[in-house]
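If you check TrEMBL, you get these features:
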BINDING   151-155, ARG254, 310-314, 338-343  ATP binding site
DOMAIN    35-122  domain 'Phosphagen kinase N-terminal'
DOMAIN    148-379  domain 'Phosphagen kinase C-terminal'
Amino acid sequence: MWKIKPPITYSLEAKYRPHLETLVPTDPMSLFNLKRGSPEEEFPNLKYNYTCMASILTPKLYARQFNRATQSGVIFDDVIRPGLEEPGELHGPMSVGCVAGDGQSYILFCDFFDRVIEAYQNHKISKLQESDFNHDNLKGGDDFDRDYALSCEVSVVRGVDDFGFPTHCSRGERRQLFMLAKKALDQLAEELPGKLYSRAELSQDKDDKGVTVGAPSLSQLRNGVARDWPDSRAVWISKDGTLVVWVNIDDHLRLVTTRDDANIAEAFQCICVNILKLEALYKKLRHPFIWKQQLGWVVSSPADVGTGLRASVRVKLQHLPRHKRLEDVLRRLRLRMDNTDCSEVYNISNAQTIGLDEVGFTQLVVDGVKLLIRMEKRLEGEEKIDDLVPLQK
């Protein structure tokens, strides 16, 4: 804790103190008339909560955040509400269990968010986060064995400065974000032709556009992301189908590129080129994307801060998923494997979004998928794969 010296009192200051105090910004928390008890009385029941938030939160940590509020009115209970609404299951995948209401949340509640990010993403926040969208630095990604690699997807999410995140923003803020996106995407369309469709327009003719926006999920309804649905929700689709931009769906912006040929190098290049163009356009509109030196690109979920990038490849694997060392291999490769709707087809993606730059995480996926395919081929021939198990990445 910082040691603060008592202020020096001057005679003129005492005379003009009433006027000086009117110039001091008001503490946002003092404007609220919340009928709450003490931190001890308000501490949530986390006994059967299996989220990352619950593993971090203690009564002392909760008490330190209790009387804080960001300038837009986010309090700590807003931050942890998603984990209380969806506590998870003992043997299920662990969710992050919390969400930021705005960019300032990561500063005001930093002692909580830093712990969550370190635990969930297995990354110590001790050095500056870097960003690299030079797609020429990526090695490989266009040479997967197509008998195993079926398709790929690269996405990146961004938060816009001066606006609340989806769980907290007002209708007016959401509509302003929509208008900003429309202006920026209209300018992007001068180089990459495309069109912005509202949620209603997309529903009426979804087959022709190849993109389907379903009804909000139960999770989105619970945590407030789907408030006023579908007001100011939209999807921009490039004419050639290479790029899709989601506006106000689950975050301010999400760029997605999908390829049926599993050429993740081309998909990554498309994301790199267009996110840099949008970044410049938003700066021109005086609403840049949120960047903080130690956290990188800041968005609503702590699970996505850093790069906001997810690179994934759908891979056909029959033998490897049953191997006893699979979890150890994935941990060492810093990858995750998720089931899909198809039997023996899995989605391989980066497990973290912070600690490396965008090229670094995509390279992990490229190298990791190639190694997993090599292991699968070995197992098909009833050979051992112990010599292929990598060191910790």
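Using the three backbone atoms N, Cα and C, a Cβ is placed for every residue, glycine included.
Just so you know, TrEMBL annotations are computer predictions that nobody has curated.
Sequence-distant neighbours of ARG310 (ATP binding site) (same chain, 6+ residues apart, CB-CB distance under 8 A): GLU153, VAL154, SER155, VAL156, SER349, ASN350, THR353. In sequence order, TYR346, ASN347 constitute the residues six or more apart from ASN339 (ATP binding site) in its chain with CB-CB distances below 8 Å. Annotation for VAL313 (ATP binding site): same-chain Cβ neighbours under 8 Å, separated by at least 6 residues, are PHE144, ALA149, SER151, CYS152, ALA262, ILE264, ASN347, ILE348, SER349, VAL365, VAL369.
Sorting the domain 'Phosphagen kinase N-terminal' (35-122) by DSSP state (H, G, I as helix; E, B as strand; all else coil) yields 41 helix, 2 strand, 45 coil.
Here the binding-site residues are VAL154, CYS342; the one with the fewest Cβ atoms within 10 Å of its Cβ is CYS342.
Every protein chain shown contributes to the tally, and the Cβ of SER151 (ATP binding site) ends up with 18 other Cβ atoms within 10 Å.
On the 0 to 100 pLDDT scale, the model's mean across the domain 'Phosphagen kinase N-terminal' (35-122) is 93.
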